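A.B. asks: Structure in C-alpha cells, see below.
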Amino acid sequence: NIRSLVCSGSRSSKTFKPKKNIPEGSHQYELLKHAEATLGSGNLRMAVMLPDGEDLNEWVAVNTVDFFNQINMLYGTITDFCTEESCPVMSAGPKYEYHWADGTNIKKPIKCSAPKYIDYLMTWVQDQLDDETLFPSKIGVPFPKNFMSVAKTILKRLFRVYAHIYHQHFDPVIQLQEEAHLNTSFKHFIFFVQEFNLIDRRELAPLQELIEKLTSKDR
C-alpha cells in the first residue's frame, strides 16, 4: 500500500534519530571499543562490568549512548508497524500504559500514541546526550552531580521502547528475522542496568518473565 508507505516513510525518518557518535580518539571512544571487544567474547555479564580503573560515570555515559543507538536502530526497523492506528496508546501489554512528560515542555503527563510517545522520548534522550554539561565528551570535563539520576531516567525510558516492541510488535520482529538481534541487545541492556542497579525493579515488571528467561542461563 503506497499511501501507508509514504506516511510511515515520512514518519520513520522523524522517529529514526541520527546516530549519536562518540568522537574518535577520545577516551570514551576507547571505552566503547573495549565494550565492543568484550561483547564479542559472548560473555555479557563480563562485558558490562566496570573496567579496572575507569570512572563509573564515564562507563555509564558511553553505554547509555550505545543503547540509545541500538534501540533507535531496532525501533527504526519496525516503524511501519507502529502507527497511530495500530498503537493509539503507548503500552507494554494490557496492564502497562505510559503517558509522556519531560518536566520542562510537557509537565503534565499526556496520553499519546506509541509512535508519538517514542518520538518524544527519543528526541528527549537525544537532547540529553547532546548536552555537553550533562554528557561531557571532552577529557577532563567533570560529569555533573546529578549525572546518575539523569542516566537512570534515560535508561528507564529506553526500557519502555524495548517493552513496547516485545509486547506489541514481536511478530514483525520475527518476520524480519531480528529476534536474535533484539534479544541480544535487550539482554545486554538488562545485564548492564542490573550490574549498576540503574532501573527500579517495578519499572521492569512488563518484561519480568522475559528478563528471568534471558538471564537465568547466565547466573
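Positions of Cβ are set from backbone N, Cα and C atoms, glycine also.
Since the structure is predicted, the reported quantities are computational estimates derived from the model, not experimental observations.
Annotated compositional bias 'Polar residues' per TrEMBL: 1-13, in sequence order. Annotation comment: TrEMBL describes 1-22 as region 'Disordered'. What TrEMBL lists as Zn(2+) binding site is Cys82, Cys87, His164, His169.
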A.B. asks: For the Zn(2+) site given as Cys82, Cys87, His164, His169, which other residues of the same chain have their Cβ within 8 Å of the site's Cβ centre?
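C.D. replies: Filtered neighbour residues, in order: Ile78, Phe81, Ser86, Ala114, Pro115, Ile118, Ile165, Gln168.
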A.B. asks: Sort out the sequence-distant neighbours of Cys87 (Zn(2+) binding site) for me: same chain, 6+ apart, CB within less than 8 Å of its CB, listed by position.
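C.D. replies: In sequence order, Ser113, Ala114, Pro115, His164, Gln168 meet the Cβ cut-off.
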A.B. asks: On a count of neighbouring CB atoms within 10 A, which of the binding-site residues His164, His169 is highest?
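C.D. replies: Of His164, His169, the one with the most crowded Cβ is His164.
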